[in-house]
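Enquirer: The region 'Disordered' feature in TrEMBL is assigned to 1-21. What TrEMBL lists as Zn(2+) binding site is His12, Asp15, His142.
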Amino acid sequence: MSGLRLMAVHAHPDDESSKGAATTARYAAEGVEVLVVTLTGGERGSILNPAMDTPGVLDRINEVRREEMAAAAHALGVRQHWLGFVDSGLPEGDPLPPLPEGCFALVPLEESTEALVRVIREFKPQVITTYDENGGYPHPDHIRCHEVSMAAYEAAGDPTKFPDAGEPWTPLKLYYDHGFSMKRLEAFSAEYERIGEPFPLQEWLDRMKQYTQARGDIMGRVTTQIECSKYFPQRDDALRAHATQIDPNGAFFAIPLEMQQRLWPTEEFELAKTRVSTAIPETDLFAGIEDNDR
């Protein structure tokens, strides 16, 4: 796969390990150049692993999260670039408090778009992955990640846009990452029922059913499924590398690896933008891209 380049755009360190991670690991192993672009430093993320919730970690959280990101990128076999914006945090309360001054979600779209365009023009990806209009979930940085990615996809190849940000490069396809769907959870739930054991992700499934009633199952939007079960162990290693964010005894690892590989060996994407002809459904993010596009 020489000459192919994939850019995965994510809001925070750890997102690259929970969304499309096995796909990026597979493409990297097959010779595709893969670059993860992390838009913020995750500075305002909570410590979600009780074992890491100590003053020594909190005092150097920015450095710790960069170390975790480097370890995760190594596990996946990919390169990684920090875009340099500041985590907006997840506002909570009723009414919601204002976002902190200077955070990523409040940076003018033109400014953050130019920063991403610069990286696109330097790396020259044929394919970009990012989040849908809901951000995967409504974190302000995830929604802004969507907005910036879409704007940069359109602007990167336009010589009139951001002329000081490098020579124009036109990416050919843009996908949305889609993670847990109700159908995926139902497949695991049915297997637990078959073997007569309680389903460890029942709360997730119940929440997903409520979400699906409101918006429909995300599988209805999926255009592309990538078989990547061989790389689930690398995905899990990358997740564990983010020790402040991922509890090794938590829900991410509740389903045995063998069961995941057997029942749902793919990761799901939605082709949102394309400049090449391709047949849906797809099994390859680079479907439709010819040698002269490299």
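Along the chain as shown, residues are numbered 1 onward.
Including glycine, each Cβ sits where the backbone N, Cα and C put it.
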Enquirer: May I have the list of same-chain residues other than His12, Asp15, His142 whose Cβ is within 8 Å of the Cβ centroid of the recorded Zn(2+) site, in sequence order?
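Expert: Here the non-site neighbours turn out to be His10, Ala11, Asp14, Lys19, Leu39, Thr40, Gly42, Tyr131, Gly135, Gly136, His139, Asp141, Cys145.
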Enquirer: With DSSP assignments reduced to helix, strand and coil, which class does His12 (Zn(2+) binding site) get?
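Expert: Its secondary structure by DSSP: coil.
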Enquirer: Below 8 Å Cβ to Cβ and six or more residues apart, same chain only. Which residues does that give for Asp15 (Zn(2+) binding site)?
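Expert: Sequence-distant Cβ neighbours: Thr38, His142.
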